[in-house]
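A.B. asks: Residues or ranges marked as active site in Swiss-Prot (evidence: sequence analysis): Cys277. Taken from Swiss-Prot, the feature substrate binding site applies to Arg85, Tyr224, Gly225, Gly226, Ser275, Asn390, Ser391, Arg392. The Mn(2+) binding site annotation in Swiss-Prot covers Lys233, His253, Asp300, and the record cites sequence analysis as its basis. Positions annotated as GTP binding site by Swiss-Prot, on the basis of sequence analysis: Ala276, Cys277, Gly278, Lys279, Thr280, Asn281, Arg392, Arg423, Phe518, Gly519, Glu520, Asn521.
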Amino acid sequence: MTSATIPGLNGTDGTPPTQHKELLAWVQEVAELTQPDRVVFADGSDEEWDRLTTKLVEAGTFTRLNDEKKPNSFLGNSDPSDVARVESRTYICSKEEIDAGPTNNWMDPAEMRTLMGDLYRGCMRGRTMYVVPFCMGPLDAEDPKLGVELTDSEYVVVSMRVMTRMGSKVLDKLGTDGFFVKALHSLGAPLADGQEDVAWPCNDTKYITHFPEDREIWSFGSGYGGNALLGKKCYSLRIASAMAHDEGWLAEHMLILKLISPEDKAYYIAAAFPSACGKTNLAMIQPTIPGWRAETLGDDIAWMRFGEDGQLYAVNPEFGFFGVAPGTNWSSNPNAMRTIDQGNTVFTNVALTDDGDVWWEGLEGDPQHLIDWKGNEWTPESGTHAAHPNSRYCTPMSQCPIMAPEWDDPKGVPISAILFGGRRKTTVPLVTEARDWQHGVFMGATVGSEQTAAAEGQVGTVRRDPMAMLPFLGYNVGDYFQHWIDLGKSADASKLPKVFYVNWFRRGDDGRFLWPGFGENSRVLKWIVERIEHKAAGIDTPIGVVPTGSALDIDGLDVSDADITEALAVNIDEWKAEIPLIEEWFDFVGEKLPTGIRDEFEALKQRLA
């Protein structure tokens, strides 16, 4: 099939909706390779949403939910083999292997292009190829970060409408020669003439590949989330982190929170936590201390750059939330529930109730019968998860009742504090303030979480996840640490955000949590704000500054003084045991570990001696 015979390649009326020569040439090249039945330029309209969601319902991919419960919302259940990001099949194909570094899978880019080119050949037969123009961050930014995803998945098109600024207005912004990231995606499930489709097409062979120097993403075989919605982790973190390194900014796996004091002063906080450490819950926190309020600007990704005034400003490049459903409820995260309840949401791999609503583990209610995420009848006696542990909601940010008005401001917001955190039962106190920027980078470089189940590795083993970026770095981790240090050195030290390390998950000897977490974490945020204002007391310890017992506002909190003391304790023996674990991690990072990080490590060892 030649390009001339592919319907839609030149628009519906023979005139392409863009005059961007490079884009049109790329669309034609990919269409000739993948051989779709037709090409459609996505416009992001309500009519398109209605048409594609109806098509997905008719295909059995989507179930339309009860409009009275979840208006304009849908449930999709994936193939059981396609339920999460696949780190083992995710590649950073830099020109030189050293530039991918020890934390990434690497293949020679020419070899990968040949391998994937063979997979792409004819892979869209029987399907429509959609051209999805999108923008990460506000479209009216000074330098908007544009992309175009080519995909044969309607699920991707409707999800990208929620997660990004997408459609005709982005094509207009591209003009005739604007730069864009090329993002190619296929389910890898061609259809022969007359072949019946399956509800969730995918391929056992999967690749999620990034070419950082070329700013390109190639994804094959998966229809799921971060593997297929290429604006999210692939562009906004892996490719953007490489762009940020080259251009002098930061692309980080961070929430952005606005905390407002009783005096009505706003503080903006960015925080990086690995998965299962409460990032979305903190992003949407309801403070429990009187007079304090919180608003959110994002729960997952922050792009940060220095403004003309020397302060570090952050924007959230996303347009929607792609949150983990299990554990989300009216107690743990009421604002997420209020966002979802307004509808316009795509759910994936949650359970379906008898009245056409959704349910997952941890949600209020005690259903006696459900259709589970695999499409099977489910009762409490089934002994299986009704919803997949990584099931998701994809919902517009604009629906969140506590979105800060400035969330869509291309200038961003000035960051006062950066938080790093992991899930540690021992060793790491509730909150520690770094001595300075470089010490803060050392803290971020050593973030880790204990493995929680034998299936994930030995229980208690610390999995390092530097700045919560381990799965998302687009280049060498050592160069990444150096980039953080360099940005700090080139900035006005008095205007740099203060850096803190938090750990909501410390446990007592009997295994119970010492700190209640959730909304009570606002008490820790209050201490952080008071440290920024030079008002709160702290104790200098070998690992940094921790609050005095009296400096933390625990008024009205039902936690014993002994538990607070233990949560804040710096146990020298535990930290001495941590040293060889950090050494092992730094050995893995290898020759590119910055001297500044090594200096901080040696200083810590001396303070512990």
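Cβ coordinates are placed from backbone N, Cα and C, and glycine is handled just like the others.
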A.B. asks: For His253 (Mn(2+) binding site), list the number of other Cβ atoms lying within 10 Å of its Cβ atom.
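C.D. replies: Here the count is 25.
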A.B. asks: Measuring Cα to Cα, how far is Arg85 (substrate binding site) from Lys233 (Mn(2+) binding site) in Å?
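C.D. replies: Each residue's Cα considered, Arg85 (substrate binding site) and Lys233 (Mn(2+) binding site) end up 10 Å apart.
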A.B. asks: Round to the nearest Å and give the CA-to-CA distance linking Ala276 (GTP binding site) with Asn390 (substrate binding site).
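C.D. replies: If we compare the Cα positions of Ala276 (GTP binding site) and Asn390 (substrate binding site), the gap is 10 Å.
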A.B. asks: Neighbours of the Mn(2+) site Lys233, His253, Asp300: Cβ within 8 Å of the Cβ centroid, same chain, sequence order.
C.D. replies: Lys232, Ser236, Leu237, Ile301, Phe472
A.B. asks: Can you tell me whether DSSP puts Glu520 (GTP binding site) in helix, strand or coil?
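C.D. replies: In the DSSP reduction, Glu520 (GTP binding site) maps to helix.
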A.B. asks: List the Cα distance (Å, whole number) between Ser275 (substrate binding site) and His253 (Mn(2+) binding site).
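C.D. replies: Ser275 (substrate binding site) to His253 (Mn(2+) binding site), Cα-Cα distance: 10 Å.
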A.B. asks: Taking the Cβ of Gly226 (substrate binding site) as the centre, how many other Cβ atoms fall within a 10 Å radius?
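C.D. replies: So the number of other Cβ atoms within 10 Å of Gly226 (substrate binding site) is 21.
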A.B. asks: What subset of the binding-site residues Tyr224, Thr280, Ser391 lies within 10 angstroms of Asp300 (Mn(2+) binding site), using C-alpha positions?
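C.D. replies: Within 10 Å of Asp300 (Mn(2+) binding site): Thr280.
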A.B. asks: Counting across all protein chains shown, how many other Cβ atoms sit within 10 Å of the Cβ of Ser391 (substrate binding site)?
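C.D. replies: Cβ-Cβ neighbours of Ser391 (substrate binding site) within 10 Å number 25.
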A.B. asks: What is the interatomic distance between the Cα atoms of Arg392 (substrate binding site) and Phe518 (GTP binding site), given in whole Å?
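C.D. replies: Rounded to the nearest whole number, the Cα-Cα distance is 20 Å.
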A.B. asks: Would you work out the biggest C-alpha to C-alpha distance among Ala276, Cys277, Gly278, Lys279, Thr280, Asn281, Arg392, Arg423, Phe518, Gly519, Glu520, Asn521, the residues that bind GTP according to the record, and give it in angstrom as a whole number?
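C.D. replies: Across Ala276, Cys277, Gly278, Lys279, Thr280, Asn281, Arg392, Arg423, Phe518, Gly519, Glu520, Asn521, the two farthest Cα atoms sit 26 Å apart.
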A.B. asks: Taking the residues Arg85, Tyr224, Gly225, Gly226, Ser275, Asn390, Ser391, Arg392 listed for substrate, what is the greatest CA to CA distance in Å, to the nearest whole number?
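C.D. replies: Between the most distant Cα atoms of the substrate site, 17 Å.
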A.B. asks: What does DSSP say about Lys233 (Mn(2+) binding site): helix, strand or coil?
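C.D. replies: Note: Lys233 (Mn(2+) binding site) is helical by DSSP.
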A.B. asks: With an 8 Å cut-off on Cβ-Cβ distance and a minimum sequence separation of at least 6, pull the same-chain contacts of Tyr224 (substrate binding site), or say none.
C.D. replies: Ser78, Asp82, Val83, Ala84, Arg85, Cys202, Thr348
A.B. asks: Among the binding-site residues listed here (Ser275, Thr280, Asn390), identify the one with the smallest other-Cβ count within 10 Å.
C.D. replies: Ser275
A.B. asks: Can you tell me the CA-to-CA distance separating Cys277 (active site) and Phe518 (GTP binding site), as a whole number of Å?
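C.D. replies: Phe518 (GTP binding site) has its Cα 11 Å from the Cα of Cys277 (active site).
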A.B. asks: Looking only at C-alpha atoms, tell me how far Lys233 (Mn(2+) binding site) is from Gly226 (substrate binding site), rounded to the nearest Å.
C.D. replies: 6
